[in-house]
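So the structure is just underneath, and the comments pick up after that.
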Amino acid sequence: MKVIVTENKIQGGARAFEIFEKEIRNGAKVLGLATGSTPETLYQSFVASDLNCENLISINLDEYVGLKPDNPQSYHYFMQKHLFDKKPFKKSYIPDGMTKDVAATCKAYDQIIKEHPIDLQLLGIGRNGHIAFNEPGTPFDIGTHEVKLTENTIKANSRFFDNEDEVPKSAICMGSANIMQAKKIILMAFGEKKAKAIKEMIEGPVTEDVPASILQKHPDVTVILDTAAAQELDDKYKN
Ligand code: PGA
């Protein structure tokens, strides 16, 4: 994995954008996108740029089950607000959290990814090493699936809701098998709360207990950190 340490999340977002822009100019057409606080500075860079996204396809990692697209906490809403309203894409896929048939929706999402192989996948990481909603213990070899969220994740997400009871208890999420098929991956992490997960992802064993550790087996991963998220990482991994 290539590790880039920047001073703060603004610079980290700008650095990630440089890579996205280069890949798009070199022909990348399908972007795997993520939500959460981490990618916000990257999306700000997209919006501030003159990059035209109208020929691009986006495929998002996940969506809560039970939230309508116009719910401000849904990932549909997040993407509209932070990116698509200002930079419309040719087509944007996000799992349908309101589906009546979650299994069929997961299967159809796998098919979408198969038909539109992801050129560049963006990821954040959870404090427990999760990627998307792939929590510790999730098998590495699965595709899009429904995830029951852990107490830790529900707690971490509750900051976006009025109270913890309103946080959805499950999500539809791309699996590690989908993510690993992306041609190129960028994982971003900012803040000291991510430092342990980053160390385990890069220095630790590849184990389903740390879902992000599977990325050690991908041939083209760039990790963009700020100094706080990089603080536990051995210097030899920083380049
Ligand atoms: P965050 O979440 O970007 O809001 O920190 C990332 C994640 O939990 O995957």
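Each residue, glycine too, has its Cβ placed from N, Cα and C.
TrEMBL labels come from automatic prediction, so no person has curated them.
Owing to the predicted nature of the structure, the values given are computational and were not obtained by experimental measurement.
Feature annotations, courtesy of TrEMBL:
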ACT_SITE  ASP62  active site, proton acceptor
ACT_SITE  ASN128  active site, for ring-opening step
ACT_SITE  HIS130  active site, proton acceptor
ACT_SITE  GLU135  active site, for ring-opening step
DOMAIN    25-218  domain 'Glucosamine/galactosamine-6-phosphate isomerase'
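Feature map: annotations from TrEMBL on the structure.
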residue	record	Cβ contacts under 8 Å, 6 or more apart
ASP62	active site, proton acceptor	THR35, TYR75, PRO95, ALA132, PHE133, VAL147, ALA171, ILE172, CYS173, MET174
ASN128	active site, for ring-opening step	GLU135, PRO136, THR150, ASN152, THR153, ALA197
HIS130	active site, proton acceptor	PRO136, THR153, PRO211, ALA212
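For GLU135 (active site, for ring-opening step), other Cβ atoms within 10 Å of its Cβ number 20.
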